[in-house]
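I have placed the structure first, in the form of structure tokens, so that the comments after it can refer back to it.
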Amino acid sequence: MSISMFAASLIAIATAFAPSFRALIAMRLFLGVALAGVPAIAMAYIGEEFHKRSLGRAMGLYISGNSIGGLFGRLATGALTDWFNWRIALIALGALSLLFSLYFYYALPRPNHFRPKPTSFKETGRKFIGHLKHPGLVSLFLCAFLLMGGFVTMFNYIGFLLTNPPYRVSQTLIGLIFLVYLTGTFSSTWMGKSADIIGAAPAIKRSLAIMFSGTVITLFSPVIVKIIGLAVFTFGFFGAHAVASGWVGERARANKAQASSLYLLFYYAGSSLVGAFGGFFWSGFGWIGVTALIASLILSAFILTYASQRLAEREV
């Protein structure tokens, strides 16, 4: 994790000196590769080092930190770009990340349950395939695909809705919409704690119901009502994501890092594929088409959660 964080921080700073657009894209690609190690290993670390009874709360706190970081990064980058330029913004955030990486390296307790083992590409591939043969885990991987796909679709296209007639909301106010991420900061911790009490599957289903309600609320006309619906939707998403990612660590009896990696692979695949696919619904059917797509994704995730719950009951 520390290597990933240091590498990502340094690449972020180096990106500010990219001489061309192609170089900028290449640097962002390397940044994504470096960053990928952080959430995958962090989820595995939490799954291995925390007791089952506190796993949900721990994962919830981790996800809430993600929401705060995502919000801060967007707002800080925008402000620094307005005051100076985008290169200064990247240097500042990269330097701040480097400082936090140093703190992380010295402050994080060394793992007590991890045991280093020799490995190879063949052995690593075998571990991945083993997880893909586990129906309960595959259900959660697909849930991640659907959840992130719905989340990105919502935020991708609600901006188009609000900037077009009859709303004509300014770009500045559209940027402030990301403040609804703060609801996710609370819900990820709260739902994670709830999962420790009522179980992961009920907590995910509760979060999905909240997501569905938020989606429906965005269909009403007033802008303030749409923003409320977006906040409710975001609350549900971060709650479901926190609990599902923690459940992956619990369901994977071994090779937790590989299980977390697969969860994140499906998670970001949903972001890329479904987020882009939502454009066809926006172009063809407008906002009602986008919400219909998101609602179908949520309902599918609900069915997968139920299936994973039944499989977990059989494993006991």
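Keep in mind that glycine also has a Cβ here, set from the backbone N, Cα and C atoms.
Note that the structure is a prediction, hence the values are computed from the model and not measured.
These come from TrEMBL:
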- 1-313: domain 'Major facilitator superfamily (MFS) profile' (DOMAIN)
- 26-47: transmembrane segment (TRANSMEM)
- 59-80: transmembrane segment (TRANSMEM)
- 86-108: transmembrane segment (TRANSMEM)
- 136-160: transmembrane segment (TRANSMEM)
- 172-191: transmembrane segment (TRANSMEM)
- 203-221: transmembrane segment (TRANSMEM)
- 227-249: transmembrane segment (TRANSMEM)
- 261-281: transmembrane segment (TRANSMEM)
- 287-307: transmembrane segment (TRANSMEM)
Item checked: Chain residues in Cβ proximity to the transmembrane segment (86-108) (below 8 Å; excluding those fewer than six residues from its ends, i.e. six or more beyond) -> 1-2, 5-6, 8-13, 15-17, 73, 76-77, 80
Next item on the list: Between the transmembrane segment (26-47) and the stretches 59-80, 172-191, 203-221, 287-307, work out which stretch tops the count of Cβ pairs under 8 Å.
Entry: 59-80
Next item on the list: Could you give the residue numbers and ranges of same-chain residues that sit at least 6 residues beyond the transmembrane segment (203-221) on either side and whose C-beta is under 8 angstroms from one of its C-beta atoms?
Entry: 56, 143, 150, 154, 158, 187, 191-192, 194-195, 228-237, 239-240, 243-244, 247, 287-288, 291, 294-295, 298-299, 301-302, 305-306
Checklist line | Cβ-Cβ under 8 Å with the transmembrane segment (287-307): same-chain residues at least 6 beyond its ends | finding: 135, 139-140, 142-143, 146-147, 149-150, 153-154, 157-158, 161, 201, 204-205, 208, 211-212, 215-216, 218-219, 240, 244, 274, 277-278, 281
Checklist line | Intrachain residues whose Cβ lies under 8 Å of the transmembrane segment (261-281), provided they are six or more past its termini | finding: 36, 39-40, 43, 128, 131-132, 137, 140-142, 144-153, 156-157, 241, 244-245, 248, 289-290, 292-294, 297
Checklist line | Segment confidence, the domain 'Major facilitator superfamily (MFS) profile' (1-313), expressed as mean pLDDT | finding: 87
